[in-house]
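Q: Before we start, here is the structure in question, set down as structure tokens.
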Amino acid sequence: MPSYTVTVATGSQWFAGTDDYVYITLVGTEGCSERTLLDKPLYNDFERGAVDSYNVKVDENLGDVVLVKIEKKKYWMQDDWYCRYVTIKTPCGDYVEFPCFRWLVDDKEVVLRDGRAFLPQDDKTSIVKQHRQKELDQRRKAYRWKEWQPGFPLSIDANRHRDLPRDIQFDSEKGVDFILNYSKAIENLCVNSFMNMFQSSWSDFADFEKIFVRIKNTISEYVMQHWKEDFMFGYQFLNGCNPVLICKCTELPDKFPVTNEMVSVSLERDLTLEQEIKLGQDPDENPIFLPTDGQYDWLLAKIWVRSADFQHHQNITHLLRTHLMTEVFGIAMFRQLPAVHPVFKLNQNHLCRRIRCFLMCFVKANATGGGGHIQLVQKATKTLTFRSLCFPDMIKSRGMDSTEELPTYFYRDDGYKVWEATKSFVSDVIGIYYTSDERVQGDEEIQAFVKDVCSFGMQDFDHCEFPKSLKTRDELVEYLTVVIFTASSQHAAVNFGQYDWCSWIPNAPSTMRKPPPKEKGQVDVKTIIESLPDRGRSSWHLGAVWALSQYQENELYLGMYPDEHFIEKPVKDAMGKFRKELAEITRSIKRRNEEKKLPYYNMSPDKIPNSVAV
């Protein structure tokens, strides 16, 4: 009687193991086994991190094993189980790998194909075609589109985190780790005594140091010491948390209420402003503040700009253009690409860890949280185009691509390198499965994925210019580079520097308690302090930016693929090449930073997690 050895690996994350009954059925080209209970006498099966082996006896050889069906049935209490993979050793001694990397919830089953990737046009037998379609039908029921707010990209149909499909929920230890980071911030930064002191103002700027006392961060300390300087004010638009707004101005707008005389003291290279014009505002009621004005007039004006930049960063640069867009790509992927598709395998590590719960709480607690955040995102969505997510295009469209004019725009320089390395990796993988442009055109699943992003995720907005189909391999490579870069590198660039640049409250106030001044010469230190966030809000802000900026203990960084969704050697070779290129980029950034008082490392590959995490 032939016997197959079945090896089952359980995940190592919290609560991955199960005491439920687990059954397996092997489906081959010449028959299938009986439904077999996987159980060893006097042994605790399927414990967290365990790799267990069992014998499955059959009456006759099954031929090539093409599917493995795993079922979980309740034993005592309902017990979710995370299965990493199943390996089958055939009677001939051959090994067949069946990647799983998913949760089995309730009394559910999962049917796995072997680890080779296949395009839909390459499936020839009815059994694998039916499995492919059934998987997508089930996914589309679980991953449904929903309008979160009018004018937003669509989101997943889930009101709470626990309503999300189990496979994309935040791992328990990561959620606990995030909460502990926030609690640790409150304790270690000595802010717990101020948390309940809302409406209570600080006494002066030095008073803010009471919640800044234990900071050991070089950049944040430098910001605290130099935040009043015009150099620091301008530098942040290049390499701070929000380095995506600054643009080259080639001509003055038609209406611009600044005269040449106003700014002549700040101009260099004999530049002049062309004319004095107005924006429909009364300069007497809304004065234009200048570096030549009083010390505190100019300082408060810069604080207002920094606060506005903070709102733009959190709502648009961070929430909309990384979190919400990653969610759009992720939902479309789950709805249109089965696990056996090479693009699903490629994107799995980049699109399966999405959570916007805490970020949304933070956004709502800021100055625009009373509804202004919705208006900001709605307005920004109207200018969100596919090309604006292509890093080189985005840089060029803002006139920021010249290294001669801007030699210290490190966000641009590092971003170029990471973009090209990512694009090269994607190209290597795509070339393995798509040997011609016709293969792209004939892949109905990849075409459905792209169309789902545009027609549903972006609601077919006329302005978005997202493609509805792809015709060439180059187009597919660029599209997938956008997906991976947005979820990993771009998010890292605008998220993990928040503590560096925003922990010194006067440099990035999340709220302003007084309106902007309408007269010059009336501002003093007391006015500024009363405008800045109170003690309670400052403390909450500091804890939040600390928590958002922390890496998870078991973080997976760009290029790390420990879950082997691919089993093919050419893909593994491409991954190894990708890691080498990223390591060289990391070394070059480290060498440059050694000479800098303000090092820039937010685009360093060793600090870029694989996906959006917080």
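Each residue, glycine too, has its Cβ placed from N, Cα and C.
Feature list, courtesy of TrEMBL:
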- G17, D79, D80: Ca(2+) 1 binding site (BINDING)
- D39: Ca(2+) 2 binding site (BINDING)
- H318, H323, H491: Fe cation binding site (BINDING)
- 2-118: domain 'PLAT' (DOMAIN)
- 117-614: domain 'Lipoxygenase' (DOMAIN)
- W103: site 'Essential for stabilizing binding to COTL1' (SITE)
Q: Taking only C-alpha atoms and a 10 A limit, tell me which of D80, H318, H323 are near W103 (site 'Essential for stabilizing binding to COTL1'). These are the binding-site residues.
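A: So the list reads D80.
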Q: Can you give me the same-chain residues 6 or more apart in sequence from D79 (Ca(2+) 1 binding site) with a CB-CB distance under 8 Å?
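A: Correct list: T18, D19, D20.
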Q: Determine, using Cα-Cα distances only, which of these binding-site residues is closest to H318 (Fe cation binding site): G17, D39, D80.
A: D80
Q: Tell me which of the binding-site residues G17, D80, H323, H491 ends up closest to the residue listed as 'Ca(2+) 2 binding site' in space, Cα to Cα.
A: G17
Q: What is the pLDDT of the domain 'PLAT' (2-118) when averaged and given as a whole number?
A: 93
Q: For Ca(2+) 1, what surrounds G17, D79, D80 with a Cβ no more than 8 Å from their Cβ centroid?
A: F15, A16, T18, D19, D20, F46, W81, Y82
Q: Take the C-alpha atoms of G17 (Ca(2+) 1 binding site) and H491 (Fe cation binding site) and report the distance between them in angstrom, rounded.
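A: Just about 32 Å between their Cα atoms.
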Q: Express the distance between the Cα positions of H491 (Fe cation binding site) and D80 (Ca(2+) 1 binding site) as a whole number of Å.
A: 31
Q: How many other Cβ atoms are found within 10 Å of the Cβ atom of D39 (Ca(2+) 2 binding site), counting all protein chains shown?
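A: D39 (Ca(2+) 2 binding site) is surrounded by 13 other Cβ atoms within 10 Å.
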Q: Counting by DSSP secondary structure, give me helix, strand and coil numbers for the domain 'PLAT' (2-118).
A: 0 helix, 60 strand, 57 coil
Q: In angstrom units, rounded to an integer, how far apart are the Cα atoms of D80 (Ca(2+) 1 binding site) and H323 (Fe cation binding site)?
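A: Here the two Cα atoms are 27 Å apart.
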Q: Give the number of CB atoms, excluding that of W103 (site 'Essential for stabilizing binding to COTL1') itself, located within 10 Å of its CB.
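A: Taking all protein chains shown, W103 (site 'Essential for stabilizing binding to COTL1') has 20 Cβ neighbours within 10 Å.
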